[in-house]
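Asks: Encoded as structure tokens, here's the structure I'll be asking about.
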């Protein structure tokens, strides 16, 4: 390009290093974009596309950056922020500019751009036959790290279903990027080159975590390289060391039940973009703090497996449930606690605002009252024992920062009086400026005798003396004319000029000194970041304990007890559905070591799927430490809950309903154990009837003979109920139906037996089919269901020989 201005040349030089980003280039009070970037943000933000010297240009006000930035990021773009590194009025030549931060959907830290939920990103690498996955939330410092036995299709499903805001892809698995984009083209992805995964990972991790050694971290070399790559990526985008991350946890920690993304979706455990209705999280959410909200979500997707730890949670919940006054007072105090977890991250990143620090101070002021309240509870009385409540930090903030600081640093209303004599001096001048102007006005009026004389100021002309047209001719000779108006003249004097210069210097000094003091203060208190995070975790725990207690009392839940031998539930209820229907039909459930497999039959709309989901949710609630919706609940502790519920055609990747079913069933058959809960709904229906029955039959045999998992298999294939005639492990249940003269009534009650009819025609009638079609369907059904044919088929099914299975050698086990 020829004929470029120095500023555009500077822009192009900087843009050359950030080709993959929208470059927001600071020009005075605006962030400007040029060329192709300008066209993109003009379209995304719906702002005017102009031009500068013939070059496309679009800009946004610097003070409104956050409002626009979120929209750019939500559209899948990466943004590089280029700031002016010197005062334009002091610059010799073109103003020096540098990129100070790169922002992606996963590196947002600003409070007004975040909601209460975790914003997880992931990094994916591969070593041998395992994918190494790091899942992290930059805003909180939470991170999980693990190696998973997944095939490529399972990995893609994992990524799409988890709800990540950003996916980082190692150079070793860059082929998956295309597949991700085929399914979700707005999900932000980025490839990481080989140098991110260097051999010097140990020193870098030690530096990031301030550790002398990382040998105690129980991760493989390749897993630690992935952790190192995450830290490097964040350092590059933030232009600083990352010091606020927590020690990583394993996804498949042996302490926790593992719930895959399919189960989380099928059971509606926590909110996600794909779940339209209410979730278990919504039902149990009586948390008051942002940390409590996130912890509740985490607890529900990571239930415990350790009986002692579950009982400890239940003891706490029960003690709170029985103390309404304590719950009410805790609620009141917790509602005043701000997001100190994310505030601590912003402190560590030197991105905290005066508003953040005031919120931290106010939150720290509340915590001793919460401590006092908990001391009245015999189980929680020592909850904050040996926990630093950070009252010295609160005192430091109170001493340094105004009670209600201005939102912007440099206005003179952030740092308290007495911290800096120099700052106080300049502030006094600006504070008393109106008094000085009034004194000058009175003096000039007295000296000149001009009664219309008054002193004013505005942003364009600064200070001025204004005199009416009639009296302006009598203005003293030392008055210099500045502006002519319709009815008056404006003048300036040497004294006003000097005062204005002093004010400008004072305002600049205030901005500079206050900024320096605040930044030094943030740097000083960054040593408290780990303690703030620890305290925020303790607050989050109290909040979700209380939330469980409130829900358990409000919905009349019962405390579960645990057994190694059986699961027995009396009058169990679906915790989500019962909140949205006027009357919910409760149901019992009972299986033991001898009877492990239920074949459940019944028509569509009768409640089979609700019953399956209900059992899964009750188990998850119990192992999360919450009471459960039942009159009595004796439960086995499960290592996993597997679900195969609902049609899920994958049109984009060309996978049929049956293929998707078989892929999900393959995961279950390869990973379930005798301690798993398996919930199957209509397996085998995506192919021909005979194929479907055959596959479903073989699957069933394998589950109760080899896996020995606690299983409910809901099906339309009544042929499967014949399994109970052959195998003692199997029992049959059906959904009760009442036939009347006006049609069929679904009672939603589970009872022993086999459904006589799928009632598909009755469902069609209820859906509003024309009566002619309903009657014709009955006529055709009568021809198809010849009694002799049915009796012969049953006889053949009963003659199927028993099949003895054994678990294959080297079977894939993910957990």
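For all residues, glycine too, the Cβ spot is worked out from N, Cα and C.
Keep in mind that what you see is a predicted model, and the values were worked out from it rather than measured.
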Asks: Among 377-411, 447-481, 482-516, 517-551, indicate the range for which TrEMBL gives the feature coiled coil.
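Replies: The listed stretch tagged coiled coil in TrEMBL is 482-516.
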Asks: Name the residue range among 307-334, 335-362, 419-446 that TrEMBL annotates as coiled coil.
Replies: 419-446
Asks: Sorted by position, what residues of the same chain at least six away from residue 608 (ATP binding site) have a C-beta under 8 A from it?
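Replies: When sequence neighbours closer than 6 are ignored, residue 608 (ATP binding site) has 600, 602, 681, 714, 735 within Cβ distance under 8 Å.
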Asks: If H, G and I count as helix, E and B as strand, and all else as coil, what does DSSP give for residue 603 (ATP binding site)?
Replies: coil
Asks: Within 10 angstroms of the C-beta of residue 606 (ATP binding site), what count of other C-beta atoms is obtained when all protein chains are considered?
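Replies: Total other Cβ atoms inside 10 Å, all chains included: 26.
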Asks: Which of the three DSSP-derived classes (helix, strand, coil) applies to residue 608 (ATP binding site)?
Replies: helix
Asks: So for residue 609 (ATP binding site), how many other CB atoms are inside 10 Å of its CB?
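Replies: Within a 10 Å radius of the Cβ of residue 609 (ATP binding site) lie 19 other Cβ atoms.
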Asks: Determine the Cβ neighbour count for residue 603 (ATP binding site): the number of other Cβ atoms within 10 Å of its Cβ.
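Replies: For residue 603 (ATP binding site), the count of other Cβ atoms within 10 Å is 21.
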Asks: Neighbour count, 10 Å Cβ-Cβ cut-off, for residue 607 (ATP binding site): what number do you get?
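Replies: Excluding its own Cβ, the number within 10 Å is 25.
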